[in-house]
Amino acid sequence: MTTILKHLPVGQRIGIAFSGGLDTSAALLWMRQKGAVPYAYTANLGQPDEEDYDAIPRRAMEYGAENARLIDCRKQLVAEGIAAIQCGAFHNTTGGLTYFNTTPLGRAVTGTMLVAAMKEDGVNIWGDGSTYKGNDIERFYRYGLLTNAELQIYKPWLDTDFIDELGGRHEMSEFMIACGFDYKMSVEKAYSTDSNMLGATHEAKDLEYLNSSVKIVNPIMGVKFWDESVKIPAEEVTVRFEQGHPVALNGKTFSDDVEMMLEANRIGGRHGLGMSDQIENRIIEAKSRGIYEAPGMALLHIAYERLLTGIHNEDTIEQYHAHGRQLGRLLYQGRWFDSQALMLRDSLQRWVASQITGEVTLELRRGNDYSILNTVSENLTYKPERLTMEKGDSVFSPDDRIGQLTMRNLDITDTREKLFGYAKTGLLSSSATSGVPQVENMENKGQ
């Protein structure tokens, strides 16, 4: 059976991921007029720029949807976001600033929950607004087929008939007006924005050019921290984790993770925390650029990793970072529920996150400028008395350290012999100023 349909399947049910924007509105109306039976599905992901979710299904019905459903995905989205924090599932960083994979997390939830709802309604053809150059077309493809093995894909934006008739936003707006809907195009921004409760992505248009900076972006989850006219007073915040799970902010315990994430967003957003500018590799290996917001994720991540470094040993922390980066890449590629990802998630949550209990107090200032003021945990292996420089009882003596250093002679001797062996083969050069062979200076080599 053909998985991807290039032309409209007339007379058949088609589920469309309906945002209520111009593109999906025009596509839904066009499909109905051409003889398909569209069903509209809207994911409530807690988008910070969406004012009225209940109005979206009503609009879909007006445009010709056979049925329209609003699917509340917020609880699952936050659960996956917390899992990503527990696992450090983030692989894109620049200068120490992290992209928290908020769009990939949203796609994992949307792609599974909407297709599951479609399956309940007997809808086995799915359409969405992703383009053929982006990551989402592959993410939705994978998650959709994982959820429904009988699923077929129809995307109006890959249908030449649709493109010929409604190839641009102006044509779509004119089409809606001609059909009796007073649909005005929204004011065009200098970039495109996609968001959910975990974060916002700003990309494309002017942001494709690297001489356009974060300063052209109007944050939707935070403030313009780079604008000196914006007053941002310093603020102390305390985050508490229990067995890897964030449970309290500033002493207030949350039984609802959605409410906890909303409050974390409010706190971090007041400072512009978690905003970053990233050049990344898309799934197809072409580079793209995005400016991201994730105030709540950033706040929780900082506190989590502070506890992590005080609780776990060096080798465990090294594995956390290595496996987290690997898992982050799988998440980015739309493989969050693949077996290799589940294996990594299980080990990181079981053996790392389960021990993360305690409180971290921070002072937030402007943007990503903050200080850690205090760290408290019953699980800390950080024991200042072990290494104190003050006189007193010690867990080991000077003689113990002499013995430990003497044992190092074994590998130091081996290393010295290897260095001189490399020099004999020409890999290293002898140095008049050093007692050991050195890597040859390339400038001298060319003279």
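Counting begins at 1 with the first residue displayed.
Every residue, even glycine, has its Cβ placed from backbone N, Cα and C.
Per Swiss-Prot, the feature ATP binding site maps to Ala17, Phe18, Ser19, Gly20, Gly21, Leu22, Asp23, Thr24, Ser25, Ala43, Gly129, Thr131, Asp136, Asp194. What Swiss-Prot lists as L-citrulline binding site is Tyr99, Asn135, Arg139, Ser192, Thr201, Glu203, Glu280, and the listing cites sequence analysis. Annotation comment: Swiss-Prot describes Thr131, Asn135, Asp136 as L-aspartate binding site, evidence class sequence analysis.
Swiss-Prot feature annotations superimposed on the structure.
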residue	record	Cβ within 10 Å
Ser19	ATP binding site	19
Gly21	ATP binding site	14
Asp23	ATP binding site	14
Ser25	ATP binding site	24
Tyr99	L-citrulline binding site	26
Asn135	L-citrulline binding site	20
Asp136	ATP binding site	20
Arg139	L-citrulline binding site	25
Ser192	L-citrulline binding site	13
Glu203	L-citrulline binding site	18
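Thr131 (L-aspartate binding site) sits 12 Å from Arg139 (L-citrulline binding site), taking the CA atoms of both as reference points. Ranked by Cα separation from Ser25 (ATP binding site), the binding-site residues Asn135, Arg139, Ser192, Thr201, Glu203 are led by Ser192. Counting only same-chain residues six or more apart in sequence, the Cβ atoms lying under 8 angstroms from the Cβ of Gly129 (ATP binding site) belong to Ala17, Ser19, Asp23, Thr24, Ala27, Lys155, Trp157. Just so you know, of the binding-site residues Ala17, Thr131, Thr201, Glu280, the Cβ with the fewest other Cβ atoms around it within 10 Å is the one at Thr131.
Take Tyr99, Asn135, Arg139, Ser192, Thr201, Glu203, Glu280, the residues named in the record as contacts for L-citrulline: the widest Cα to Cα gap among them comes to 19 Å. Once the Cα atoms of Ala17, Phe18, Ser19, Gly20, Gly21, Leu22, Asp23, Thr24, Ser25, Ala43, Gly129, Thr131, Asp136, Asp194, the listed binders of ATP, are compared pairwise, the greatest separation found is 19 Å. Here Gly21 (ATP binding site) is positioned 21 angstrom away from Arg139 (L-citrulline binding site), judged by their C-alpha atoms.
Surrounding the centroid of the Cβ atoms of Thr131, Asn135, Asp136, where the record places L-aspartate, the chain contributes additional residues within 8 Å, namely Ser130, Lys133, Gly134, Ile137, Glu138, Arg139, Phe140.
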